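Among the features that Swiss-Prot reports, Ni(2+) binding site is placed at His2. Per Swiss-Prot, the feature Zn(2+) binding site maps to Cys73, Cys76, Cys96, Cys99.
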Amino acid sequence: MHELSMAQGIINAVIDTAESNNATEVTEVGIEIGRLAMINPEQLRFMLSVLVENTIVEDADIKIEEIPVEINCPECGFKGVAELDDKDHYAPIVECPKCGNKRISILNGKDCVVKNIVIEKPDDD
């Protein structure tokens, strides 16, 4: 259930950033979740919807994008997107789609990142 702590961290970062920029409201938050981050996007979305209540993020459009796993295979030289065998949610298997090698380098797809925040600021009258 680490989605709750992840959601809390995201909301704290968004609110801190918005407040440091004198925002009156957050209208959009873009989040990228790597397939290897072990975060369920639906659970994260639910946790976020609860945590934003009565904050400047409450009415924001929260966009969550899943990022594929990108690898580099030292065996055959493949560099690109790999499929993820996640039958076992806690220990997914990533292998080279070209040669089947499991000793690969992960280039992308492990992180959870707040990619963008759109805010409203008070009118300068």
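Each residue, glycine too, has its Cβ placed from N, Cα and C.
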Within 10 Å of the Cβ of His2 (Ni(2+) binding site), how many other Cβ atoms are there? 12
Does anything in the same chain, at least 6 positions from Cys99 (Zn(2+) binding site), have a Cβ under 8 Å from its Cβ, and if so what? Cys73, Glu75, Cys76, Phe78
Cα-Cα, whole number of Å: Cys96 (Zn(2+) binding site) versus the residue listed as 'Ni(2+) binding site'? 29
Measure from the Cβ of Cys96 (Zn(2+) binding site) and count the other Cβ atoms within 10 Å, all protein chains considered. 21
Taking every protein chain shown into account, which of the binding-site residues Cys73, Cys76 has the largest tally of Cβ atoms within 10 Å of its Cβ? Cys73
Which residues, in sequence order, are found in the same chain with Cβ within 8 Å of the centroid defined by the Cβ atoms of Cys73, Cys76, Cys96, Cys99 at the Zn(2+) site, excluding those residues themselves? Glu75, Gly77, Phe78, Pro97, Lys98, Gly100, Asn101, Ile104
